[in-house]
């Protein structure tokens with residue numbers, strides 16, 4: 001069972017997704033490219049949870065680099081029974097993947113909550129509040145209500161787009177890390193079987 005190509009592909013993909021998550025999260029701090037809303041604390045509370053920077057970003061880069069570090073390893077030893085050290089290698093990849101699952105899961109949850117609550121925005125009376133907090137996310141299906149937010153301009157579109165990106169990327173990261181966990185378990189079982197086969201051959 002050769003899994004080096006799969007692990008390498010997962011590692012490279014996670015690096016790309018992690019960078020995109022970090023960028024998306026950073027953009028949430030600057031609606032319309034302006035910094036004043038962050039200084040004045042007029043951003044969604046979930047922006048400050050660092051879901052994309054920490055969860056979908058840094059906690060994904062860790063397993064990604066672990067997987068890329070394994071690409072030079074011989075992961076095809078199951079057929080030739082060259083399995084010494086394989087179990088330790090696979091265990092490290094599983095542990096790294098579990099960290100990735102935790103990080104991506106956090107990213108998905110926070111992004112979903114951010115979408116459900118909606119942005120913090122200024123209404124027609126100049127009051128800042130969560131206009132869509134009590135809609136249970138139904139505002140997402142009715143764009144005609146988005147005009148209730150007067151400031152920042154297009155803040156609903158900004159939040160919906162970026163939180164949706166974080167939600168999608170976090171979901172993809174979760175799936176890839178889960179695949180690597182399954183891959184590592186199967187590789188470990190394969191290595192275990194080979195070690196017993198070696199004993200019988202001796």
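The backbone N, Cα and C atoms fix where each Cβ goes, and this holds for glycine too.
If you look up Swiss-Prot, you'll see 129, 159 marked as N-linked glycosylation site. The topological domain 'Cytoplasmic' annotation in Swiss-Prot covers 1-9, 71-93, 183-202. Look at Swiss-Prot and you will find 31-49, 115-161 tagged as topological domain 'Extracellular', backed by sequence analysis. If you look up Swiss-Prot, you'll see 10-30, 50-70, 94-114, 162-182 marked as transmembrane segment.
Here the transmembrane segment (10-30) has Cβ contacts under 8 Å with residues 37-38, 43-44, 47, 50-53, 55-58, 60-61, 63-68, 70-71, 100, 107, 158-159, 162-163, 165-166, 169-170, 172-173, 176-177, 179-180 of the same chain, all six or more residues outside its ends.
Summarising model confidence by region, the topological domain 'Cytoplasmic' (71-93) averages a pLDDT of 59. DSSP assigns residue 159 (N-linked glycosylation site) to a helical segment in the three-state reduction. Under DSSP, residue 129 (N-linked glycosylation site) is assigned to a strand (E or B) in the three-state scheme. With a cut-off of 8 Å between Cβ atoms, the residues of this chain six or more beyond the topological domain 'Extracellular' (31-49) that come close are 25, 110-111, 113-114, 117-122, 128, 130, 152-155, 158-159, 163. Taken through DSSP, the topological domain 'Extracellular' (31-49) splits into 12 helix, 0 strand, 7 coil.
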